[in-house]
Amino acid sequence: MNSFFSWFDTNVFHPIFYSLLSFLHDFGLVIILITLLIRALLWPLNHISLDQMKKMQKLQPKIKELQEKYKSDPQRLQTEMVAFYKNNKINPFGGCLPMLIQLPILIAFYYFLLSPELKSIIEQTHSAVNFLWINDITEKDPFYILPALLMITTYIQQKITTNTADRMQRQMLLIMPLFLGFISIQFPAGILIYWNVSNIIGIIQSFIVMRKHA
C-alpha cells in the first residue's frame, strides 16, 4: 500500500504540484485549484451516485416490504432484491464508487504533505506556505477553524442526502461530522483545505441533484 502512495506521490502529485507552484507560488491556491480539478473530473460520477442514492430513498418502502415478506427465507430475499434492483436500474453499491476513488487521493495527498521532498519543492518554487490565518499549511491549524468547518460542511452535505426517516442514518448524521472533526485536529491544514473545498462542491452538487428529484 505504501509503495502505491509513494509511486502516486512521485509520478502524479509531485509533477502537478511543482508545475502549479512554479506558476502560482501559493500553496493554498494550488490545493484549491487541484481540488476543483478533481471534483470537476468526478462530477459525472458523483452525479450518477447521487441519482442512485435518491432512487434508493424513494424505493425504501418497497424494499422494506420485500424484507418483511421474505424475512424467514434469506436466500429468496436475496434473489428478490437482486431482481428488484435490476428492474429499477439501481446499483446498490454505486454510491460508494466516488468515495473509493477519492479516498486514495486524500491519503496520497496526506503522505505528500508529510514528505521531505515537499520542503525542497516549496524552496525551489519560492512558494508561500501561509494561507489566510495559517502560517504553514503543512502543519495543523492552530486555531482549529478548519476542523470545525469540516464538521459543518460534512453535516450539511449529509443532511441534504440523508433519509431522516431512518433512525440509523439520523444517528450517523451527527456521529460522522463529530468523528471527522475530532480525528482531523492533528491533520496538516492543507489536507483540510482540500477536504473542505471538496465538501462545499459536494454540497452544491447534492443540492442540484436533490432539487431535480424533488
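Think of each number as a place in line: the chain as shown, counted from 1.
The backbone N, Cα and C atoms fix where each Cβ goes, glycine too.
Taken from TrEMBL, the feature domain 'Membrane insertase YidC/Oxa/ALB C-terminal' covers 27-211. When averaged over the domain 'Membrane insertase YidC/Oxa/ALB C-terminal' (27-211), pLDDT in the model lands at 80.
If you look up TrEMBL, you'll see 20-45 (among others) marked as transmembrane segment.
Taken from TrEMBL, the feature transmembrane segment applies to 93-113 (among others).
According to TrEMBL, the feature transmembrane segment maps to 172-195 (among others). Within the chain carrying the transmembrane segment (172-195), a Cβ under 8 angstroms from the stretch's Cβ atoms is held by residues 27-28, 31-32, 34-35, 106, 109-110, 113-114, 131, 134, 136-141, 144, 146-152, 154-155, 158-159, 162, 164, all 6 or more beyond its ends.
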